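A.B. asks: Per TrEMBL, the features are:
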BINDING   Arg94, Glu139, Phe186, Glu187, Gln188, Met189, Glu190, Glu295, Pro296, Ser297, Ala298, Gly299  substrate binding site
BINDING   171-173, 181-186, 255-256, 299-302  ATP binding site
DOMAIN    2-329  domain 'Aminoacyl-transfer RNA synthetases class-II family profile'
Amino acid sequence: MEKIVSLAKRRGFIFQSSEIYGGLNSCWDYGPLGVELKNNVKRAWWRRMVQERDDMVGQDASILMHPRVWEASGHLEGFTDPLVDCKQCRQRFRADHVTGKTCPECGGELTEPRNFNLMFKTFMGPVEDQAAVVYLRPETAQGIFVNFNNILTTTRKRLPFGVAQIGKSFRNEITPGNFTFRTREFEQMEIEYFVKPGTDEEHFHKWVETRYKWYKELGISPERLRLRPHAQDELAHYAKACVDIEYYFPMGWSELEGIANRTDYDLKRHAEYSGNKLEYFDQELNEHYVPYVIEPSAGADRATLAFLLDAYHEEPDKDEIRVVLRFHPELAPVKVAVLPLSRKEPLTDMAKEISQELRRHWNTEYDDAKSIGRRYRRQDEIGTPFCVTVDFQSPEDQTVTVRDRDTMEQTRLSVAELVPYLREKLDNR
Ligand code: ATP
């Protein structure tokens, strides 16, 4: 993990938030390469989960919602962690993280556990009183449930169908940490998939498979990926089943995503609290009922971290070590780098022209600084799948070499062949 944190900072993937002020605990900023990587992760999710499926639509709900939403969802009452305080050093711990009644830091006496709500609270409008209290959403899911009728009437979808959303969520976590694994502000990628009761188990298993495959297809090593079904006593009272997709992070196996069969709990609760019916009319059966829902809920930051960790490789290279991020081409922040062998014309002119053309298709970098070997190393370290080198022969016969990040092989091509060649390698799925 330390190597990734340091590479992430050195190359501009992830910086500490407000660093010049000493940083803000557990908040992180995505730099120029990080934002590309995370956007690619979100895009790869949206493309496969929404755009390539006929049974899915998307939405983007606001972060602030009516406070009654959190009463109905159970977050106001139940979204808590039991906490204990040390009477001596005043440090606070999660009760389930300490054993015994003494402080793990100073040995002082601990208080009895008290419930601590994880939702961030703020005020809407100029008056800071109880009536103005609103919450930053702790999950994106509720924005989908409250729009159930709107989506049903505007899309005229038939069951089974799902709604997807990507967005920020906030939780006042007591023990954030492990870089971007657990933070207080994070991004979720969530799906609520509505099904006819009785077909829920079949759809639940399909979603577990679909989501597992997504990580694998985008390059996560299968030996670092596993499914962990929840034991009966681990399940929320309304959930019929839950499976976590776990990744073998440096701190051990940890949750990447949870897939839950939430039954008809959420729609029924919102119907009860809002006084609006949230039902589906089944034309075949000629009856109304409340659909069951399967919820695959993933973290965009956790997925990005897993892709980053999994891509990291160190290899012996002559007397040195080659660091290479073996990103799947779809996720690589930069797809192609154009490197003129020298800073002299006509090489630079030709290289600039080529990079301008490639930019129309892919995120492309132009780099003419330092030796060609150093530039290849730099591109390896940020995971660029291909480097196009413009050398002294290039202006004479309109050819360039293309270097493959993984094999390090170089292929000589005519400039006219470049785009189709790269398209085949980068966009072929
Ligand atoms: P954990 O047990 O790790 O706290 P959770 O079971 O509370 O997670 P869910 O409520 O199921 O998490 O949220 C779904 C997904 O959202 C998680 O699998 C994770 O990828 C992401 N997520 C949740 N909390 C955080 C957080 N504090 N920081 C980053 N990502 C998070």
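Backbone N, Cα and C atoms are what each Cβ position is placed from, and that goes for glycine too.
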A.B. asks: Filtering Arg94, Phe186, Gln188, Ala300, Arg302 (binding-site residues) by proximity to ligand 1: which pass a Cβ cutoff of under 6 Å to any of its atoms?
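C.D. replies: Close enough to ligand 1 are Phe186, Gln188, Arg302.
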A.B. asks: Should any of the binding-site residues Arg171, Glu173, Leu256 have a Cα within 10 Å of the Cα of Phe186 (substrate binding site), which are they?
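C.D. replies: Those close enough are Arg171.
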A.B. asks: By CA-CA distance, flag whichever of Arg94, Gln188, Glu190, Pro296 among the binding-site residues is nearest to Arg302 (ATP binding site).
C.D. replies: Gln188
A.B. asks: Taking the Cβ of Glu173 (ATP binding site) as the centre, count every other Cβ atom within 10 Å, in any protein chain shown.
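C.D. replies: The answer is 16 other Cβ atoms.
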A.B. asks: Given the binding-site residues Glu173, Arg184, Leu256, state which is nearest to Ala298 (substrate binding site) when distance is taken between Cα atoms.
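C.D. replies: Result: the closest of the binding-site residues to Ala298 (substrate binding site) is Leu256.
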A.B. asks: Taking the binding-site residues one at a time (Arg94, Arg182, Arg184, Arg302), which has its Cβ surrounded by the most other Cβ atoms within 10 Å?
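C.D. replies: The residue with the most neighbouring Cβ atoms within 10 Å is Arg302.
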A.B. asks: Counting across all protein chains shown, how many other Cβ atoms sit within 10 Å of the Cβ of Ala298 (substrate binding site)?
C.D. replies: 24
A.B. asks: Measuring Cα to Cα, tell me the gap between Arg182 (ATP binding site) and Gln188 (substrate binding site) in whole angstrom.
C.D. replies: 12
A.B. asks: On the three-state reduction of DSSP, what should I expect for Ala300 (ATP binding site)?
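C.D. replies: Ala300 (ATP binding site) sits in a helix per DSSP.
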A.B. asks: Taking the residues Arg94, Glu139, Phe186, Glu187, Gln188, Met189, Glu190, Glu295, Pro296, Ser297, Ala298, Gly299, which the record names as binding substrate, find the longest CA to CA distance and state it in Å to the nearest whole number.
C.D. replies: 27
